[in-house]
């Protein structure tokens, strides 16, 4: 739910990846593992873990590279004993996965900039704590088919592959194994492998016949605290990204569910699909299990061999996927701190974060009539335990008009839209916290941030930013600025955050009020993540395709036509004027009225458009002439995953004010840029401030007295 006020699904959009390329996610490589909660304090976080190219072609063209992606010359931070290679200090506490000897394991790689080419994997056994990997040590791994080079199909995203471990290799205790990913790109024509980009990642793993029990006890170390040891099942890899808690806390599952496809009974294989019953890639005889037909149709080289568009038929048990999922984050096991604010009697008290205290199902509502529990469980068979159906029903009852307008088609479409959006945002309810966590604070007098707290995406719709936490907290009578973690640990609040966001009036609209309008699904996407996914040239074009595919699938399940105009990537977005109520006599339910971002303000507005560039100090990352442009000076508009190249523009409109922001320079890991809220742009349109004389975002905020979130509307040329 990261637009200019929100978030984008954590899996498919990792923050600030404009210059990124890829990473080994499962097992988690050394530069990535520190981002996982159970390794906090053991391994530092590397925010550039997706770009380990050994210094780039300029350094690798000579055939020299750091073994794990560091430059050949300089500090080898990602090798054993380095900043991120912490096995000598912490032993099994930093092991990312444990496998049985000779087993077929699933590995997962995320690519954020596809350079074609191929992946290779190798295994190196280190016999003692302080042994270091060498190039000669690595033994090439092969797929079950015997192939050692896995050709990369088109597109960015997560790629799941199977490899076979050698049967005669074991490593545990003071010994461990290093599994290495090597990506050789192939998008530079006319040159051999030395003229291509290369990436390397190293992951620390155990291979042991004792998989299924805890590893041998660690000798005393000076590790800052302890973490749960890997939970292992013989013969099948399990990432320790989601350790099982012996206290009975919710545990994550290990079977993947595609965020855009409900479980289906596979169709018989198509003749030219081999044995694949999903998405087939002929050059490598690869079958992408769990993909939707929409995903598969996104590239001509891929062939859909699945069940087509027919409604899924529930099987007697959940399908057994081929590959493991990305690491998930189980909700915390403890109850809310006693220091957390206590609701007043007028506000329902949040439930304890234990399943036994979940509320009983409420009275039959529109939601329960449309989405019975059996269908919910069929759609989300791998949902985290915190996402209980009974709690969803109880919280939905607090919004009696939700999916309960009296118009059957409108209500079913609203439920389908809700399911489609949360499916994309939360990975089919397999995630409750955003993977790449950041502070996400846009502080002001009205919307403060608490020291040490982060306001990254949480819950099924990924509630993000401090001001959304404050507004939601006000609605439920809790100080969620001080305790944002409650949204990801309380069985009521987790659903409440999504339904509040769905039904609340916000500056860019009210989802419940527009979902029943013509083109309502496109409007919901705009409200949730319009800054990144909507308009003619949005920074993130692909996520909307997954949202639409999910919506269509759920419409089929619920027996309602999805309607037309589902995409917000048109000239109609951002809207040129506020959405209006449907005309009298239309089939749209009366409750689907136009959003009202504020109870005050002029009724009509006059669009005004500006285009600004903002440059940090004397940067000339883009066209050098632009950096000297003081007549067209401005600010980078806050957000993530912006286009990396210069001159791209994005427009957004609210209350009749249209702003076109020109992205004029690259960000580096999220550092060194100035952000100003869209509301600040709206207000400044009506001021006499000389933009060319302002040298910082803070100066503009002071000039227009902008606390970060301002309601502004222009009427008669004045704002």
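Cβ from N, Cα, C; glycine included.
Where the annotation comes from TrEMBL, it is an automatic prediction and has not been curated.
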Segment assigned the feature region 'Disordered' in TrEMBL (from 52-105, 106-159, 160-213, 214-267):
214-267
When you get a sec, could you say which of 536-570, 571-605, 606-640, 641-675 is annotated region 'Disordered' by TrEMBL?
571-605
Of the residues in the domain 'Chitin-binding type-4' (91-205), how many are helix, strand and coil by DSSP?
10 helix, 51 strand, 54 coil
